[in-house]
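For reference, the structure is listed below as structure tokens.
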Amino acid sequence: MLAVVMFSYLSVALFIACVGGQVSIMITDFLQGILMMLIFLFLMFFLLHTFRWSDIMAGLAIAPAGQSMINPFKTSQVADFNIWYFLIAIFGAILNTRAWQGSSGYNAAAKTPHEAVMAGIIGGWRTIASGLCILLIPMVAYAVLHLPAFSSIAAPIQAEISAISDPMIQSQMTVPLFLVHTLPVGIMGLFAAIIIACAISCDDTYLHAWGTIFIQDVYLPLRKQEKLDPKKHMLLLRLAIFGVAAFGFTFSLLFPLKDFILMYFALTGAIYLGGAGAVIIGGLYWKRGTTAAAWTSLTTGTVLAFGGILLQQMWPDHVAPALLHIWPDSQFLLAHQAKFPLNGQLIFFIAMITSLTGYIVVSLLGPKRVYNMDKLLHRGNYAIKQDVVTVKDEAVKLAASRFSWHRIIGISSNFTRFDRFVAWATFLKSMLFWFFFIIVTGICLLTNWITDAVWGEIWWWQLVAFSVVLGSVCTTWLAIGGVRDAFRLFRDLRTGKIDEHDDGSVSEEEKSNWKAE
């Protein structure tokens, strides 16, 4: 049955990616995204209306000592999702900015570099509603399953969970079973529909991205022959996309998930992200970066990630018994014989650090030559006139030309008045939460003033009052702006001139930008 379900929605995703390409993917993803935000907002209102916030907090307070789900300063006994998980996540987010190539089609779809910058800024606002809903659902589920007041609702859910033999599957099915037993038929149908739509839109994006990456960034550079005929090129792209779908289908059927889903994301993501961040930063901000260093970084990250996957899978049945045969009295091995001691997040961190080090070392040991960065990035004497946004505000021009808050935030002379408003709003929101984080952390480290009850109030104001209101505003804003830009896209596609010679490959002329140091 699982194979039939996967085959069905992968077929839809494959059809969208192969028939319409990136344009169809962008339009269908936009429609899915707006519907998702609307349904998630509706679902949040339903849950908060059905279950009181005080009951949710009371249920979360039942968590074992040292594993608090309310007070982050009482989590010393949390094994995986502790402070190191979040510190590594912050480091990875900085190092791998724009590195995840599942969204490569979107990263390259902007009309101008400035629009790409604005897309990154605006994109952060779209996750407010969905992020809160994804957080709220398991919070309510935990409260319902642990608070005695909800025992009548929890009993049938617990019975179905107990009927599952695999502990990991039990954990994975807890929240879905909670939703099945608590959501009315209509709301459950809406939620199921948008989850299927999310799966299809995610898959068609990734099929297209990784399939085109294989052809454009692996096959064509290694081929080193004349340019492909457009029809043959399109056929190769579609075959590569089909190959990615076939791999995903087969891998999902055969790979047993033995860790939390976020740890799985970190571990499998490290196959590419383990070395990609170093390549992007080195390639765009360091004129000494070399191709050999890029290959070293990516290869190192991939090997370490695949090694981590193999060790996790083989550890309990093969690796741990073999090591215990050699060191039978090892307390470390005895304590970790059931599970590999490094989780996916730690393996991800090791891959990033090792790959970054490899990139720097290989670049420094390689040929002493530098790259013309201005020509690569179309700036200075190589700027494209049509891509430059002219701003008449002299104050903005002056602020962008010297040290100022505008430069710190990233506001340039290309920013319009509304662009500046959005950029400042994004910056101030981040700084507000950062300031709040510093103050509350200091208070908690020095005093015991902030009790679990106070934390419950803090979470209500941050997660409910702030995020629900802001999420509603952002959903409306992005829906209106998205519809407007979709029609602009259709107009540009109808009237724009297409360069048939631009196949996305790097020409010999562009390769000549190297110069000896």
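Using the three backbone atoms N, Cα and C, a Cβ is placed for every residue, glycine included.
TrEMBL: automatically predicted annotations, no manual curation.
What TrEMBL records for 6-27, 34-51, 83-100, 121-145, 178-200, 235-255, 261-286, 293-315, 346-366, 421-446, 458-480 is transmembrane segment.
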Considering pairs 6 or more residues apart, do the transmembrane segment (178-200) and the transmembrane segment (121-145) have at least three CB pairs under 8 Å? yes
Going through 34-51, 121-145, 346-366 one by one, which has the most CB pairs that fall under 8 Å from the transmembrane segment (83-100)? 346-366
Please determine whether the transmembrane segment (421-446) and the transmembrane segment (235-255) are in contact (criterion: at least three Cβ-Cβ distances under 8 Å, sequence separation 6 or more). no
Short question: which residues 6 or more past the ends of the transmembrane segment (34-51) have a Cβ under 8 Å from it? 126, 129-130, 132-133, 136-137, 140, 143-144, 182-183, 187, 190-191, 194, 197-198, 464, 468, 471-472, 474-475, 478-479, 482
